Amino acid sequence: MYLLIIFLPLFGFILAGFFGRYVGSKGSTSLSFVCVLFSFFCSIFCFYETVICHCFVFIRLNSWINFELLNVDWGFMFDSLTSIMCCVVSFISTLVHLYSVEYMANDPHLSRFMSYLSLFTFFMLILVTSDNFVQMFLGWEGVGLCSYLLINFWFTRVQANKAAIKAMILNRVGDLGLIIGLLLIFLTFKSLDYSTVFSMVPLLCNTPISFLNMKFHTLDLICFFIFVGAIGKSAQLGLHTWLPDAMEGPTPVSALIHAATMVTAGVFLLVRCSCMFEHCFHIRSFITVIGASTAFFAATVGLVQNDLKKVIAYSTCSQLGYMIFACGLSNYSVGVFHLSNHAFFKALLFLGAGSVIHAIGDEQDMRKMGGLKNLIPFTYSIILIGSLALAGFPFLTGFYSKDLILESAYGCFTSLGHYGYYLGVSSAFLTAYYSTRLLFLTFLSKPNGFRSMYEQSFDSSYFICAVLSILAVPSIFVGFFTKDLLVGFGTDIWSNTIYVAPENMSLLDGEFIPFPFKIAPVCFSFLGIGCCFLLYIYQPKFLFYIKTTKFGLMFYSFFNKKWYIDKIYAEILGQKVLNISYNLSYKLVDRGVFEILGPYGFTNIIYNFSNYLNKLQSGYLNHYVYVFLVGLLLSFCFYGLFFSISCLGLTQQFLVFDFLKMIFFFILSLFLFS
Amino acid sequence: MNLQEMIYVTCFLFFTGISGIVLNRNNLLIVLMSIEVMLLAVNLNFMVFSVQFDDMVGQICVLFVLAIAATESAIGLAIICTYNTVKDNIQF
C-alpha cells in the first residue's frame, strides 16, 4: 500500500514512456492518470494512518550501497511531513495529469509528456519519502532532470532549450552545495540515515571542522550547504533566475513543477533537517534574511511583469520566500502549512492562466488581453478565487498561512523577526496589488486584443473545468480545515518530525502581539487590492504619467528587468566565465601550454633538432674532420674521466697522456690557425 | 730531452697536421700534406717510445707506417690527378 504511492507513478511512466507507441496518446494519458490517481488514494490512506492515527511507517526494501561505514538502504519513511507532502504532490499531479488530457490534446507527443509528468511525480515522491539523504538526493536530482525534460518539452523552440538549460544549471549550483553538505554529514556522523543523523545532532553540534583553512562548527557548515541546495531548488534570491524563465514549458508543467511541487523541495528539506537548523542560529538568521528579501524582491518584480505566467511565477518565488523565512524563524510547521496551501491555490492560478491562454489562442501577454470577463466567466471566477487566496483575502486558504507566518515572525521579537515581518507585510501589499493587476489587465479592462481572438475565445471543456473546480475547493477551504491540524495550538502530529528548540518557539507569542501588527497584513492586502482597483479604474492616465516620467521609467524598467539581476549574471558572470573558459582554459592551457609541453611541442623540438643535425653535414671535408676530431676528443675525455674516477689516486701514474693538456693543445692549435 | 718534452713536440706536430685539415678551405694538396705531417708525427712518437722503452717493435711499426704512408700518398696523388682530369681543378 505504502509502496504503491511511490511506484504507481513509476509504473505509469513506464507504460506511457515505453509503450506509448502501442497504446496511443489516449491510452497513455488514461493509464498514467489512473496510476497517479490510485497513488493519490493510497496517500490519502497514508495520511489517515500516519497523521490521524500517529502511526509512523518505515519500509526498508533492500541494501543499496553497503561497504565499510557507508550503508545506504532503499528505505521509505512515512511520517506526518512525508504524508502531507505525498498528498499534496499526488493530488496536484493527478489534477495536472487530467488537465493535460485536454490542454495538450493536440500535441503529437502527448504520451511522452505524460510519461515525464509521471516520472516527475515518482521522483518527487522518492524525495519526500526517503529515509536517508542519498535517496533523497536521488529524488532531488530526479526532479531537476524532469524539470529539464518538461521545460524543454517543445524542444524545437530555442527559448525553451535555453530556459531548460538555465534551470538545470542553476539547480546544479545548488545541488553542488547539497552534495558538499551530504559529504560533511557523512564525515561528521558517519551515516546518512535520517534517524541516525538527527539523533546524533545534539551530541556533535559543537565539533569544529577546518574548511578552506577556516574553523567552523561542523553543523553550521552542514546547514549552510544544505541551505545552498534549498536556495537553488526553491529559487531564493541569488539562484532565483531560473524559475521565471521556466515558464517556457507548457502551462501544466508550470503548475506542477514550478508552483506546487519541485520548488517546495527546498522548503521540505529545511523542515526535514529542522533539528539541525535549530542548533545553528547564524544560519537561521541567514535563511530569514534571504527568505524575506526574496519575498520582497519577487513581489516588486511581479508588479510590472507583462507576461501572464511570469507574474504568477514571481508570486511563486515570493511565496517561497515566505515559507523559507518562516523556516528561518523556526516556524517549520507554519512553513509546511503555507507550502501545502500555496500548492493548491498556485496550481489553481497556473491552471487557470493556462485556461485563459488556451481560450485566446496561446497569447500570454497581458497587454493584449482585457475584457475577458464575460467571454470566459468560469475561468474568471477561478482566477479570482486563486488571486484572492494568494493575496490573503480573509477566510480563504492563503489568509490563514500567510497571516500566521507574519504574526509569528513579529512574535519572535528579534530584529530578524521584524525584518521578516516588515518585508513580509510590504510584499503582502505588493502581492495583493499585482494579483489585482493581473485580474484587471486580463479580465476587467477594455479589450486590447484582436477581434478574431475574441470571436474564438471560449471557456474550456469538461476536463479543464473539472480540474479547476476541484482545485478551487481546497483553495478556499483547506486553510481553514487544516489549520488546527497542522499548526493549531498544541497539535501533536509533528511528534518527532519537526524539532523546535524551546527558546525559539514563537508560534504562541504570535497570538499575543499588539493588535495593529496582527491586523496589518490583512489591511495591507486590502489596501493593495483597493489601490490597484482605484488606480486602474479611475486613474489609468496617472499610472501612465508616472510610467512615462524619467524617474518613473527608471523605476519601471528596473523592476521590469528583474532588478537587472539577469543582466548582471549574464554580463558579469556568464560572459566572463565563458571568456575565461575560452581564452584561458581552452586557448591558453589546453591548446597552449599543454600542447607545447605535450605532443605538438615535442614533435616540433625533434623536427628542429634533426634539421639542425642535418645542417652539420655541410659537404665540406674540413667540417667533417672537425666534427670527427671533436667527437674523438670528447670520447677520450670521457674515457679519461671515467678511468680516473674508477682508479682514484692511482690515476697519475697510469696515465701517459694528460688529457687536460691535450685539450689545451687542441684548442690552442685551433686558435692558432683560425 | 726527457720523454715529456718529446711527447709535446710530437703532439704539437700532430695537431698541426690536424689543424691543417680542419682549417684548410679547399686545397686537396694541403690536405694530403697535412696527413703526411700527422703520419710523421705518429712515426716520431713511435720512435720516441721505442727508444724510451728500449723495444724494437716500435721501430718496426715505424717502417710499416712509412710504407703505408708512401702508398697512401701515392694513391692520394693518383686520386687528385684523376679528380683534376675530371673537374679541371683540384679545389673541392
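Yeah, the Cβs are placed from backbone N, Cα and C, and that goes for glycine too.
Annotated features in TrEMBL:
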type	residues	note
DOMAIN	A:64-114	domain 'NADH-Ubiquinone oxidoreductase (complex I) chain 5 N-terminal'
DOMAIN	A:130-412	domain 'NADH:quinone oxidoreductase/Mrp antiporter transmembrane'
DOMAIN	A:513-637	domain 'NADH dehydrogenase subunit 5 C-terminal'
TRANSMEM	A:6-24	transmembrane segment
TRANSMEM	A:31-61	transmembrane segment
TRANSMEM	A:113-130	transmembrane segment
TRANSMEM	A:136-155	transmembrane segment
TRANSMEM	A:167-189	transmembrane segment
TRANSMEM	A:253-271	transmembrane segment
TRANSMEM	A:283-304	transmembrane segment
TRANSMEM	A:343-361	transmembrane segment
TRANSMEM	A:461-481	transmembrane segment
TRANSMEM	A:515-538	transmembrane segment
TRANSMEM	A:624-642	transmembrane segment
TRANSMEM	A:654-673	transmembrane segment
Task: Residue numbers, six or more beyond the limits of the transmembrane segment (A:31-61), whose CB comes under 8 Å of its CB atoms - done: 1-6, 8-9, 11-13, 15-16, 23, 73-80, 82-84, 86-87, 89-91, 93-94, 97-98, 101, 114-115, 117-118, 121, 125, 131, 485, 492-493, 495-496
Open item on the list: Ranking A:6-24, A:283-304, A:343-361, A:461-481, A:515-538 by the number of C-beta pairs under 8 Å to the transmembrane segment (A:113-130), which range is first?
Closed with: A:6-24
Task: Helix, strand and coil counts within the domain 'NADH-Ubiquinone oxidoreductase (complex I) chain 5 N-terminal' (A:64-114) (DSSP) - done: 29 helix, 13 strand, 9 coil
Open item on the list: Do any residues, 6 or more residues outside the transmembrane segment (A:343-361), come within under 8 Å Cβ-to-Cβ of it, and if so which ones?
Closed with: 88, 92, 95-96, 99, 103, 250-252, 254-256, 259-261, 264, 308-309, 312, 315-316, 319, 369, 372, 375-376, 379, 382-383, 385-387, 389-390, 396-398, 442, 449, 453-454, 456-460, 464, 467-468, 471-472, 474-475, 478
Open item on the list: For the domain 'NADH dehydrogenase subunit 5 C-terminal' (A:513-637), how many residues does DSSP put in helix, in strand and in coil?
Closed with: 115 helix, 0 strand, 10 coil
TODO: Could you tell me the mean pLDDT over the domain 'NADH-Ubiquinone oxidoreductase (complex I) chain 5 N-terminal' (A:64-114), as a whole number?
DONE: 91
